[in-house]
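This report concerns only the one structure given below.
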Amino acid sequence: SPCYQLKSQLCPRQNPQCHMTGEKTGHYSANACLLPICCLYGAAVTTVEGVGSTETRVHPVQERLAKCHGSQCGFCSPGMVMSIYTLLRNYPEPTPEQMIAALAGNLCRCTGYRPILDACKTFCKVSSISLSVACLYTVICVSSEFGETVSTSLFSIDEFQPLDPTQELIFPPELMRMAENQPKRTLFFHGERMTWISPVSLDELLDLKAAHPKAPLVVGNTGVGPEMKFRGVFHPVVIAPARIPDLNVVKYTEDGLTLGAACSLSVAKDVLTNAISEFPEEKTKVFCAVLKQLRTLGGEQIRNVASLGGNIISRKSTSDLNPVLAASNCVLSLASRGKKRRIPLSDIFAGVGNNTITPEEILVSVHIPHSRKGEYVCAFRQAPRRENALSITNAGMRVLFEEGTDIIKDLSIFYGGAASTTVCAKQTCSALTGRHWNEQTLDEACRLILKEIAVPGSASGEKVDYKKTLIISFFYRFFLEVLQSLKTTDPYHYPGIPVEYGSVLQDFKTKMPQKPDQSPQDPVGRPIMHQSGIKHATGEAVYIDDLPSVDGELFLAVVTSSRAHAKIVSIDTSEALKVPGVFDVISAHDVPATNEFYYSDDPEIVFARNKVICVGQIVCAVVADSDVHAKQAAAKVKIEYEVLEPVILTIEEAIKHNSFFEPKRKLEQGNVDQAFETVDNIIEGEIHIGGQEHFYMETQSVLAVPKGEDKEMDVYVSTQHPAVIQEMVAASLGVPANRIMCHVKRVGGAFGGKLLKSGLLASVAAVAAKKTGRAVRFILSRGDDMLITGGRHPFIGKYKVGFMNDGRIRAVDVNYYINGGCTPDESVLVAAVSLLKMDNAYKIPNLRCWAYACKTNLPSNTAFRGFGFPQSALVTETWITEVADKTGLSPEKIREINMYKENEQTHFKQKLDPQNLIRCWNECMEKSAYYSRKKAANEFNKQNYWKKKGIAIVPLKFPFGLGTRYLSQASALVHIYTDGSVLLTHGGIEMGQGIHTKMIQVASRELNIPMSSIHFCETSTTTVPNACASAGSAGTDVNGMAVKDACQTLLKRLQPIINKNPKGTWNEWIKEAFEQSVSLSATGYFRGYNENMDWEKGEGQPFTYFLFGAACSEVEINCLTGDHKNLRTDIVMDIGCSINPAVDIGQIEGAFVQGIGLYTMEELKYSPEGVLYTRGPDQYKIPAVCDIPEQFSVSLLSSSQNPHAIYASKGIGEAGLFLGCSVFFALRDAVTSVRNERGLKTTFVLNSPLTAEQIRASCADDFTEMVTETLYWNSPGLV
């Protein structure tokens, strides 16, 4: 399984690399959250600080990751460094494939991975030539201050220090001596509640198992660890057999290969790879099938610790190995005291007599046999993400033919993911024995399999139909594989499969992305590395949970509601208070002042008082002397509920119960009803868009520290809005705001999720700190964060569109419904923005649109990058595409016909000059070679039946603005010290978007001093009061203006001194200024943009300017599984004159990949009672390295000026996310191609996210029909 708790995987001090003793030192990356300290006896652990630091030496891996701009918020950077570093210790010159594999277990939410892979490429054998081309472009600084032309690239390879393997840490000699000289002895570790025993011989292990039959055996801790951590399972005794030689055996025998049960999956993978290269192909078919599954099972960190035996014995339904091992007749060697036996692995899934394993038995080894002549073995899997994801369904299949024939002698079919464990299609196999391998056999096999393999309904919400379709699609794929193999052995008798079916036998592979050569650009500014980039990579960057512990500090854990809508009858805390180390339980009664914040008619609530209104609402909190004790106690709080009606979870239920937050919003222009009477055609439809979890890498985190006098409190918090934290904490405690000091150094990702929610959580911690008089640390676990905080609004768009036969759209009537959750938060504003931005790039003469924010019993949804636009614009692009279907014109033609063409007004009467929109569209068309590639895709589709390509190009108009002037005001404070150094402070928050880097660039330019002379310390309410939130892409725009203002004030004061001594140095001028009593401190201020909107009239100027862009994406789908591969994306963006192209391109790419997640992958699943199922990275899949396009190019539109913002730049943070829908529409294009070929002309609806399940269902064929109508089925014609 994947890393369960991301923070552990990524946290600087917690990503160990173990140097295991033995004949040869091995280097392994591992997830600290899964690695018990007891298993590290005799190992050397290197953390990211041990790799390198700014105090000692920065390692080449750390340097290159930072200088290639591979870190934004920086929270994932230490994990990336450890994965790359470990690979380089084992392979100093890795291949790109090895590098990709090494990063498969790492996640990043900010960068879109491209710059991280750029850094990786610099270490790879083949990178040097292609890389020098990849990132080159010209940057011309046209500022009068510098007056110079600079030709540069995003990074320069010449600057990097070389990787020298001789300079690496050696394995500690004392551990080496210990391994060589000390006799092995059994290790006992006794903890507070449990004992860890690590025996050294098999006999001893068998004795221990007899004495403790219920004690689990732990090797990699990937099964027991998560059970203990997340499901509260407790084991008083744990046995760790990893040091026993018999369990680590690797032995080649005449008939195959024997692997010890404690061998890690990485060892198994390496051994099988070697065996395949050494043995003839005929003997290695089983090895190849097992190896195929191993390559995608977990990430490198998981495979390094997880054991082969553990994978088998756990009998998990999702195990990718068990079906293929069982189908291949693998044999298990078992031992118990005084007894040894061997059983077929398949028996543990068949429940055969006494052949199931008894509690005192140990799995010693697994024998994997050679394949025989006339034997074929295959393994398959389909998962929510291609790598590092538990499979939805998997399979292992083997057939043996009578010699020289295609008559089945032995057939074996096993499936995983279909039931609670691996299952065998035994009756099917018996019935088909003796049959020829032909279409009749295929036909009957599919019928029999569907009859035999019962797929129960899944709690986690996967549709049964999809699993059933996969089960028979896998068999069909096996059928084709075998037919093709028969052809290679005897082409005369076996014709093989038609050419157009051949491509389906090739699985999608993850490749190192390439960037096409880019033409020179002309942005103002330079690609400066992120100011904290090196510290991110060395683990020295401090986040909330890295702050040193305060004397007497307590830890807080929350108790959340398990009901969606209920009255709280009673709260029993008696058992919780008995847990050692528990100080107190905090609830609404302990809040000194405000517990409910009324920003509108419905309140935002700190602690639930008399009733709960969603699952995950905070009812009370436990404070204790450790995180573990707090969580143990929280689990013992008993709450009695009385269910209230109605329970409203969905938008449809909210509409039925008329449950909305007020006001509803409406915009109208033209005469819609009259226009509908004059159009040639009308279409009506609706599209559902799922929500999205922010999945910031640093979960919500607070440290509240009472100062001990005057009711003062320091609050260190991971937030986008320190002023609102100060305001809410002060109100909760009943003190003036001037007693609450809120501090933010940096935030490990936010994306809109750390605004109001952070204020409520900070109030929880502050109330606890006030009551106990101690510092309180409150760090949400990933599961609790996902449960409590809400995310992007789920959305339904219902539309009616009138258009002419030539593609001109004349009338649109649309209703948007968003699922706001249980409190208002920002929902009404999100609904309003979705209306204002719904037109995207199109002029719609007659338009009526309504937006409703639905009040439901889900955790309150909130701001998220794009703020309503990614949903409403997807609805727009959906009906644009449907108009194309109806008129027979191509989608890009419909887009061009209806695009804004000249100076016009939007539907709310704001002026718009679309010149750069058209330029972006045309440039994207040209750079992507759209028409020639569309032609090539059509040609590919004619020649391939089971694989199809799709291509789509989508324009973007993104209005910038916050709607009201006061929301975009900003302040800055600049001090110059007498040594000439400058301390800069402003109200913006660094959360990965590089705002501090850009502000230092602004100050550097204005003061005309080097960036190295300027330091930014932290954002704090003590230095800049009443700062607006860092949100809406506006941080650099508004704070840049304030910083510029402050610097200009200072320069004005210094000017007389400079005029007197024009050849003097900066330090001389500052010294002189001080001696002349000239103030060297200045505040800067920006009043905000003059924005307004009159909703009564339906007009205004809510935005200051517009960003434009276009993206073209190409995909390839597998019609049998619904899987897809992102082949290429070209983006052209108009972002004015970029202050920092490296940062801005990173923002565009990161937003785009987050958009790929929203529109194609990330799926939130709830129970019928409103409980969130997808509560961590094992269930909720964000894009990984395997999901980014193989070719990924971002170009900035040249010669673009923006008179409204700092240095003619534009706010870029959000706009790129919507362009991820170019992948959605490329997938739609591929599905359309399938449906046209199969004569499925009826209109079809694709909702978001467009998962493999939906793609498979839309590619309707005989298999999908067979699942729904089992009686009427014709086998797919092979000819």
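For all residues, glycine too, the Cβ spot is worked out from N, Cα and C.
TrEMBL: automatically predicted annotations, no manual curation.
What TrEMBL records for this protein:
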ACT_SITE  Glu1214  active site, proton acceptor
BINDING   Cys33  [2Fe-2S] cluster 1 binding site
BINDING   Cys73, Cys76, Cys108, Cys110  [2Fe-2S] cluster 2 binding site
BINDING   217-224, 307-311, Asp320, Leu363, Arg381  FAD binding site
BINDING   Gln720, Phe751, Arg865, Gly1032  Mo-molybdopterin binding site
BINDING   Phe867  substrate binding site
DOMAIN    189-373  domain 'FAD-binding PCMH-type'
Could you measure between the residue listed as 'substrate binding site' and Gly1032 (Mo-molybdopterin binding site) for me? Cα positions, answer in whole angstrom.
8
What Cα-Cα separation, expressed in whole Å, is found between Phe751 (Mo-molybdopterin binding site) and the residue listed as '[2Fe-2S] cluster 1 binding site'?
26
Cβ neighbour count (10 Å, all chains) around Arg865 (Mo-molybdopterin binding site) is 27
Ranked by how many other Cβ atoms lie within 10 Å of their Cβ, the binding-site residues Asn221, Ser307 are led by Ser307
Going by C-alpha distance, which of the binding-site residues Cys33, Cys110, Gly1032 is nearest to Leu217 (FAD binding site)?
Cys33
C-alpha spacing of Arg865 (Mo-molybdopterin binding site) relative to the residue listed as '[2Fe-2S] cluster 1 binding site', in angstrom:
30
Distance between Asn311 (FAD binding site) and Cys110 ([2Fe-2S] cluster 2 binding site) at the Cα atoms, whole Å?
33
Cβ-Cβ distance under 8 Å, sequence separation of 6 or more, same chain as Cys110 ([2Fe-2S] cluster 2 binding site); the residues meeting this, in order, are Ser71, Gln72, Cys73, Cys76, Met697, Gly749, Gly992, Gly1146, Gly1150
Taking the residues Gln720, Phe751, Arg865, Gly1032 listed for Mo-molybdopterin, what is the greatest CA to CA distance in Å, to the nearest whole number?
13
Give me the count of other Cβ atoms within 10 A of the Cβ belonging to Cys73 ([2Fe-2S] cluster 2 binding site).
30
What are the other residues, in sequence order, whose C-beta lies within 8 angstroms of the center of the C-beta atoms of Gln720, Phe751, Arg865, Gly1032 at the Mo-molybdopterin site?
Ala750, Gly752, Gly753, Ala863, Phe864, Phe867, Ser1030, Ala1031, Ser1033, Gly1213, Glu1214
Judged by the number of other CB atoms within 10 angstroms, which among Cys33, Val219 is the least packed of the binding-site residues?
Cys33
Go through Phe751, Phe867, the listed binding-site residues, and name the one with the sparsest Cβ surroundings, counting other Cβ atoms within 10 Å.
Phe867
Enter the number of other CB atoms within 10 angstroms of the CB of Cys108 ([2Fe-2S] cluster 2 binding site).
29
When pLDDT is averaged across the domain 'FAD-binding PCMH-type' (189-373), the result is 91
